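Everything on this sheet refers to the single structure shown next.
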Amino acid sequence: MKRLKFSDLLITIMIGVVFGITMKFWDDLYTVVKPMLPIARQLLYGMWFMVGPFAFLLIRKPGVALLASIAAASLSAFIGGGFTVLIYGFVQGLAAELLFASFRYKKFGIVVAGLAGVASCFAGFFLDLFYGYANLESWALFVKYGLRVVSAFLFTGVFAYLIVRALEATGVTNLIRPVSKEEYSLLDN
Amino acid sequence: MLELFTPHRETWLYRVNPALKFVVFFAFMLIVLFNQNFHFALNQLILYGVLVYSFSGYSWRKLLLFSVPIVISFVSSAATMMLFGKGVTIWWSWGLIKISEESFNYGLLLGFKTLSFGFISLVFLLTSRPILLFYALMQQFRLPSKYAYSFIASIRLMPVIVEELQTRSDALKIRGVHFPKGLKGIFQRLRMYTVPLFAQSIRRAQRVAVAMEAKRFQMGAKRTYYYPTTYERVDAVFVIVMVVSFASALVLSVR
């Protein structure tokens with residue numbers, strides 16, 4: 001159906017890179033300001049799931065969520081995040097991509113984007129199980145990942161959606177989105 | 001900044017095919033991730049530590065400096081697990097904090113993994129050039145050129161994006177923008193910073209793509225490469241050294 005053109009591809013990867021840089025910038029700032037606030041840290045964790053759903057809401061084509069997530073992760077890996085970021089980015093992006101695919105890439109709303117974030121969160125949890133981050137007492141486990149799910153929905157659903165809306169207002173989305181049938185039919189009159 | 005990342009001397013690791021090096025290290029990383037054996041984790045950590053400190057070609061002082069963030073993440077991940085991890089044989093407890101034998105060992109295991117990841121990544125980053133990695137991935141591992149060149153173009157444009165982010169940050173500061181506390185503030189900050197950045201980057205990426213296609217860049221077409229990369233003898237040496245040292249790390253741990 002809607003195949004990716006070269007410009008879509010380049011834009012997707014560029015979005016990933018911009019996200020990678022912004023996240024790094026913020027993470028540094030945050031580490032300096034609040035080193036020991038675990039709860040706030042979990043509440044902001046959803047930021048790391050944002051890139052894939054955001055790219056999909058913007059470009060609305062299959063494959064974009066996964067690709068943007070990999071791009072952001074590769075960039076973070078290069079500027080000091082290390083190889084682990086790469087595997088997390090891949091798995092989280094894949095989860096978001098599969099969620100969009102399960103809606104046949106036809107839904108672009110807050111709920112679907114939020115669910116994609118939650119899917120990424122679960123995928124990340126799966127990796128944490130192997131890494132060893134999830135070997136916590138049950139209350140700590142519940143608090144940590146509970147907050148993370150809430151944050152995932154908030155960032156990927158609400159925030160990403162609103163930012164895409166703001167970008168639509170700037171007009172740049174006209175460069176990328178496929179022209180719909182209704183818009184063609186407008187020309188007929 | 002540039003001087004910081006200039007090696008003391010170029011070791012044999014610099015001449016290994018970057019894509020091969022990437023694939024081997026990536027495979028090691030997966031093994032570290034899924035391994036749950038304490039001794040194996042420790043042996044691997046020693047292996048990667050030796051790799052960074054003896055073969056990266058940087059001086060001790062610089063390497064210690066680069067290791068600071070890795071050690072910090074070691075301490076934070078190990079400490080959290082020791083204090084809040086689950087376990088039965090309790091050594092010490094105070095309120096919600098509970099240190100047990102199991103949580104202590106898990107904490108160390110987690111810490112070893114974090115250190116190993118840090119060292120593998122560091123040795124790769126210090127001895128490889130990102131652009132050549134993509135060229136080698138295209139030539140030796142058949143990565144489609146559309147992805148590789150998109151990445152290369154994005155990496156080349158990175159300094160521009162960083163500069164824009166800085167400009168945006170300065171602009172907001174000089175306009176005296178204050179953000180409210182809490183989630184609303186976080187969202188406003190996110191919007192204020194990223195919307196102009198995204199708008200600019202999307203336009204720029206679109207222009208670059210059009211320009212590349214105007215110069216006859218075609219997706220999926222057969223092509224030649226500006227930087228040819230091949231396999232050489234040093235690659236065989238690399239694979240043998242890695243396999244042997246990795247196998248000995250494994251054998252020494254199961255004894």
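Residue positions begin at 1 at the first shown residue.
Any Cβ shown, glycine's included, is placed from N, Cα and C.
Curation plays no part in TrEMBL annotations; they are all automatic predictions.
Per TrEMBL, the feature transmembrane segment maps to B:12-34 (among others).
Sequence annotations record features per position, and here TrEMBL assigns transmembrane segment to B:40-56 (among others).
The transmembrane segment annotation in TrEMBL covers B:63-84 (among others). Long-range contacts of the transmembrane segment (B:63-84) within the same chain, counting only residues at least 6 positions beyond its ends with a Cβ under 8 Å from a Cβ of the stretch, are 52-53, 56, 96-99, 103-104, 106-108, 110-111, 114-115, 118-119, 122, 126.
Under 8 Å from some Cβ of the transmembrane segment (B:104-126) lie the Cβ atoms of residues 5, 7, 13, 21-22, 25, 28-29, 32-33, 35-36, 38, 41-42, 44-45, 48-49, 51-52, 55-58, 66-67, 69-71, 73-75, 77-82, 85, 87, 91, all in the same chain and six or more residues away from its ends. The transmembrane segment annotation in TrEMBL covers B:104-126 (among others).
Feature annotation from TrEMBL assigns transmembrane segment to B:236-254 (among others). Beyond the ends of the transmembrane segment (B:236-254), by six or more residues, the same chain brings 12-13, 16, 20-21, 24, 28, 37, 39-40, 42-44, 46-47 to within a C-beta distance below 8 angstroms of the stretch.
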